[in-house]
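These come from TrEMBL:
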- Glu353: active site, proton donor (ACT_SITE)
- His384: active site (ACT_SITE)
- Lys495: active site (ACT_SITE)
- 528-557: region 'Disordered' (REGION)
Amino acid sequence: MFQLTRSVTWQALTRLHDQTRHDRISDYFAADPQRYDKMSLRVGGLFLDYSKHHISPAVLDTLLELADHSALVQRRAQMFSGDIINVTENRPVLHTALRNLGEGPLMVDGQDVMPEIQRTREQIQRFSEAVRSGEWKGYDGQRIKDVVNIGIGGSDLGPNMACRALLKYRQSDLNFHFVSNVDGTHIQKVLRRLDPATTLFIVSTKTFSTQETLLNAKTARRWFVDNAGEDADVGAHFVAASTNKRAAMDFGIREENIFEFWAWVGGRYSMWSSIGLPIALAVGFEGFMAMLEGAYEMDQHFLTAPNASNMPVLMALIGIWYINFHGAETQAIVPYDQALHQLPAFLQQLDMESNGKSVDIFGQPVDYKTGPIVWGQTGSNGQHAFFQLLHQGTRYVPIDFIASLKPEPGVEDHHFALLTNMLAQANAFMEGSAKGGELDPYSCPGNRPSSTLLLDELTPRNLGALIALYEHKVFVQGVIWNINSFDQWGVQLGKRIAGEISSRLDAQSQDFDASTQGLLMRVREHFPGHASATPEPAAPRSGRGAKGKASSRTPSR
Ligand code: F6P
């Protein structure tokens, strides 16, 4: 059987690592004045500079051989055509179908999925236009002013990140809130500021069975009924994005307000589906479609460009070089753009839930490292927090710098400072402080690698392309490591045990280890009357006074 680490290319890369590990990245520039031109490329509105990497021409050629000799061509074709590549869950992986703007059918199980995707797009269009125009009325005839998305993981992070990233395109009389944590203070804090008569809840959950989301949705529903309408009014204030229509209807959501999607859309790949409804509400259906167009453009690039000029493939190979040969444990994501402050959290789930695996697609343990720890935060804030360790610490951390070039009117000087700070950091990481001089114990050694990704502007289209770029990067790495990037058994285990523990809270259970049991006893002391896994929550008070009678809104805290 094929063993990655025994392959000729892997062995060659191991040797190349030994030969080049003491090279200086800056010497590669001295040796080749064309390096920047050769190691940068543009796709649509995105420009990638990958020249500041510890990668000699021979290393790059051999990494490309690794991709050429992998199952990439076959697996990529299988993904786009709807073959079952999520083998453990026996499903196709078709988030690319959601942004497929090409002609022609896409068959899954003998059925063309494009007509239903198109139908749901039209449903999103009708609904988002009705809410944004004020045609959609709440139970007492008022228009919607606040939208609350209730969801977690992939049903929260994508729309949450995108709505914040596209803030400047947002309709100004609609406010957006995202509730994800089962910690009740999260929803309490949001509800306290809202008027139920003008609030719309989107219950976003693929399965409609996730404990956190259901508990938050029930709390929101009680708050609504206690403070405003009757049960019968729930339909005017609650809609759902889910594959589980039955459960959503049982919750009280009208069938026509359930925005469907399908089992072949993975949670962390779902912002292109109905899970993106908050994005369509925020930036309009045209903006939502522009995001899909950007992603589609990146899909076409990924499908057709040769590996040597294929942006997701190159980024994947760079990551593999550091993880598997330089021993890097983490990957930092540093957007120099405040609007992208949720991007590291989004990419963290995308990458770590996808490639945090230690068996291959045949269930055999792997003998190489897989997905890195992905983390980060915005620059220039990060410069004054964790950059010190990156400059002079003992760890080796590759960095992705991300920025958009176009300044906001009125703050051009800020944007200039932002971008020059980013360039200064990327330069400092590579050159260190010893440029032409002697190294003293306190100088920065440099030789620390980074990529720089520039967006012409942070538009819905370019955001779509950026996210699709990272999705495909993660996919390519998964293919080379021969793992299933589309299941998440570790997360499922946590969900199952949480259910078991809460159902045992009222029983003397010997089913858990002594530590869990001891801690459970301590928890029980605080829940003397607890009888079920999901207690009926006490609805937080609204800013309104008695039901249906508007009083002055409680000031936000
Ligand atoms: O985090 C694990 C996960 O299964 C994600 O893949 C998913 O996005 C999230 O839980 C929430 O699940 P659901 O959308 O079914 O509520």
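A Cβ is built for glycine as well, from the same backbone N, Cα and C atoms used for every other residue.
Whatever TrEMBL says is automated annotation, not expert-curated.
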(message) Between the Cα atoms of Lys495 (active site) and Glu353 (active site, proton donor), what distance do you get, rounded to the nearest Å?
(response) 14
(message) So if I draw a 10 Å sphere around the Cβ of His384 (active site), how many other Cβ atoms end up inside it?
(response) 9
(request) Fewest other Cβ atoms within 10 Å: which of the active-site residues Glu353, Lys495 wins that one? Let me know. (result) Lys495
